[in-house]
Amino acid sequence: MKPSLAKGTRDFTSLEVSRRKYIINILQKNFELFGFQPLETPSFENLSTLTGKYGEEGDRLIFKILNSGDYVNHTKIELYKKHSKLLVRLYDYLNEKKEFLTSDKISINVENFLLLNKVDKAEANFLKSGLNQISFFQIDNTFIEKEQYITDIGFEFQLANTRVNIPNDSKILTNYLSDKALRYDLTVPFARFVAMNHGKLTFPYKRYQIQPVWRADRPQKGRFREFYQCDADVVGSESLWQEVDLVQLYLKSFAELKVSVTIHINNRKILSGLAEYAGITDKLIEFTVALDKLDKIGKDGVVKELLERNISQESIDKLDFLFSQSNDALENLLLLKEKFAGNETGLKGVEELEFVLTQSVNLGIDIQNLVFDITLARGLDYYTGAIFEVKADEAQMGSIGGGGRYDNLTEVFGVKNVPGIGISFGLDRIYLVMEELNLFPEDATSNVEYLFANFGGEETLEALKLIVQLREKGISAELYPESAKINKQFTYAEKKGIKNLVFLGEEEIKNKTVTYKNLEAGEQKTVSLEEFLS
């Protein structure tokens, strides 16, 4: 079998691991500098924890975990049990009404039965597919007796000795096959953690988390199915100063990484206000999901998707000003105030955004680095206030960071009134940007300070003794494993990015000296053993 990687995954070489650690160390240092504490959560969660939190698009990208064992067959049996009983009850329901029931009213009564028994949409569709195989239609004004067509043997329903087919790819079967899923992001598991430990935490609670997440996305440049997120969140505070502080965290971290960025900012309340202004409050999710794709599919693509989601052309025309915004944030906010006259939600969003922009500028932030982007939607259903997206100025890459306020997220876990806000750094995309712009320092390539040349014999033992002393001092060192030609050992050191090559030969041992060559500067020195270890 030819070895291969699963699509959307990668191996990391020692060089790549060193560079990734360089990024992570800077982020971790700044997280702790800003008062955040570390947290880790499991790689997979209950499916019910994740679904319904990311919107229609996001839910489709959740990696579900197939339950262990021969679960397909077991699940089908469970479905047979459940739905054969339901079909029998449906037959009884129709049979009770047979004196008044004509064939044209059967479908109406079936719908009434489904509503009466609170059968959800997926199961209702499944049940109707069973009805297509077991007829309840009248023959000569007389209902066919249940026993002729439905036999409850082992809880399996049959028709002329043919088992009703349950398609393997049906949505309802999939839901029965899996009740767990890989983490889609770090925010929802964090909200679940807060809900479970609400009585033990000190609020406001500030946590950072650096762990992998998984999404069943189409792999492409900068988009993977397995990737790391580096998150910082604050829960238990409604203060808009948290937004201002997170802007500072973004800019300080990227400044240390030497990546020039622009932070795009919007407010979910502004988007709700726009939906109200256009008369599509019932289509808010559809509107924001489409708008969030503007940079990918353009204005025409967004308009097309809005129409496909049954948003009228009249409403779309009212929103046309979104696609021709000024570069002046204050001018755009004034325009929104006019549009939002009498629109309480929209005006609240404008007020919150003005505060964040104004106070950030008061703290010395260049307004060119913090841009009001009215089309920024970020297609996650849980955002309630400010939303952020970070883009690199000098590289063609999607967002390398993002986040927002989510004041209601813990409510779905039974804990109310826990406001929160968080941001995320996209480690993998940041790596690609830094690689493209050649921003990694040379010392991010290897952590080995000294490579000792291997001359064999007594010299090898003396070299190892010296290596032990260096390691005790916390200095990284290694011995070339074989007594090989010196050019080969040079090449090894250069390829690994090792800073110094050490020669401890017969003369050095005799004179208690050490000769080493700095491979970066090309300089060679001979010093006393005492000086080398000092």
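Backbone N, Cα and C define each Cβ position, glycine as well.
Quick look at what TrEMBL annotates:
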BINDING   D185, L186, T187, R215, Q229, D233, R378, Y382, Y383  L-histidine binding site
DOMAIN    204-481  domain 'Aminoacyl-transfer RNA synthetases class-II family profile'
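Between the binding-site residues Q229, Y383, Y383 has the most other Cβ atoms inside 10 Å of its own Cβ, all protein chains included. Taking the Cβ of R378 (L-histidine binding site) as reference, residues of its chain lying under 8 Å away and at least six apart in sequence are, in sequence order, D292, I387, E389, G402, G404. Residues D185, L186, T187, R215, Q229, D233, R378, Y382, Y383, recorded as contacting L-histidine, have a largest CA-CA distance of 21 Å. For D185 (L-histidine binding site), applying a Cβ distance below 8 Å and a minimum sequence separation of six or more within one chain yields Y54, V213, Q229, S424.
When pLDDT is averaged over the domain 'Aminoacyl-transfer RNA synthetases class-II family profile' (204-481), the result is 91. Around the Cβ of T187 (L-histidine binding site), a 10 Å sphere holds 26 further Cβ atoms from the protein chains shown.
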